[in-house]
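First comes the structure, then the notes that go with it.
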Amino acid sequence: MVACLPGRRIFIFRQFWKLQVHMAYLLNLIQSQMASPSSLCLLAALLALISWQAMASDPSPLQDFCVADMHSPDHFFKAAKLDTPRKTNKVRSNITLINVTQIPGLNTFGISIARIDYAPLGQNPPHTHPRATEILTVVEGTLYVGFITSNPNNMLFSKVLNKGDVFMFPQGLIHFQFNPNPHQPAVAIAALSSQNPGAITIANAVFGSKPPISDEVLAKAFQVEKDFN
């Protein structure tokens, strides 16, 4: 992937460096017990500014696009055949993700798309996208979908979606989709707010880690007996 600097990133870096210099000076004053009330107020303001810079979202890119070959339209195209049904896996679903790996032109633009096929009673099991919010629309069939909020509430927000309905999943939260129809498949199209959203399937991560998590840890975490025999 080609490395490109987003707009304002150099400016932000320079400002951040200046703030660090001022902070170091003020911290030295405090340590030597020479800091005045005005210096302490300035330190608090600088801390607030640094916190704001740390939380700011990625800015827009400086250039129109960022690819290796500036003259090839192939960097912006993929014959993905997203209109074609896919064979499903052991959980009776299939995800066809189109991200920056398949379309290099997505580099720096923070977006991906996916087609998800669900066999009858198939599911996209509970998972998270650590780097993206997702918005999903049903183009065929019916889906039961939902997401769970973070600790300590762990509230479930769920809906049954029909063709044409739209649902969104906040970034980083556990979510799922399930086709409740035992006879008909379902299809959805999802957009994600990252060129490489990542996915962590909860069951695979917890029970299929390499090396595996110890049985003692899992037994206590899920409040079950270590030996099921």
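Just so you know, the numbers here start at 1 and follow the chain as drawn.
Backbone N, Cα and C atoms are what each Cβ position is placed from, and that goes for glycine too.
As recorded in TrEMBL, the features of this protein are as follows:
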- ASN124, HIS129, GLU134: oxalate binding site (BINDING)
- HIS127, HIS129, GLU134, HIS175: Mn(2+) binding site (BINDING)
- 93-229: domain 'Cupin type-1' (DOMAIN)
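Positions of the features from TrEMBL, shown on the structure.
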{"residue": "ASN124", "record": "oxalate binding site", "contacts (Cβ under 8 Å, 6+ apart)": "VAL91, SER93, ILE95, ILE116, TYR118, PHE176, GLN177, PHE178"}
{"residue": "HIS127", "record": "Mn(2+) binding site", "contacts (Cβ under 8 Å, 6+ apart)": "ILE174, HIS175, PHE176, ALA199, ILE200, THR201, ILE202"}
{"residue": "HIS129", "record": "oxalate binding site", "contacts (Cβ under 8 Å, 6+ apart)": "PHE169, GLN171, GLY172, LEU192, SER194, PRO197, GLY198, ALA199, ILE200"}
{"residue": "GLU134", "record": "oxalate binding site", "contacts (Cβ under 8 Å, 6+ apart)": "MET168, PHE169, HIS175, ALA190, ALA191, LEU192, SER193, PRO197"}
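Helix first, then strand, then coil: DSSP counts for the domain 'Cupin type-1' (93-229) stand at 17 helix, 56 strand, 64 coil. Around the Cβ of HIS175 (Mn(2+) binding site), 22 further Cβ atoms fall within 10 Å across all displayed protein chains. For the domain 'Cupin type-1' (93-229), the predicted model reports an average pLDDT of 96.
Highlighted in sequence order, ALA114, HIS127, THR128, ALA132, LEU136, PHE169, HIS175, ALA190, LEU192, PRO197, ALA199 have their Cβ within 8 Å of the centre of the Cβ atoms of ASN124, HIS129, GLU134, the residues recorded for oxalate, and are not part of that set.
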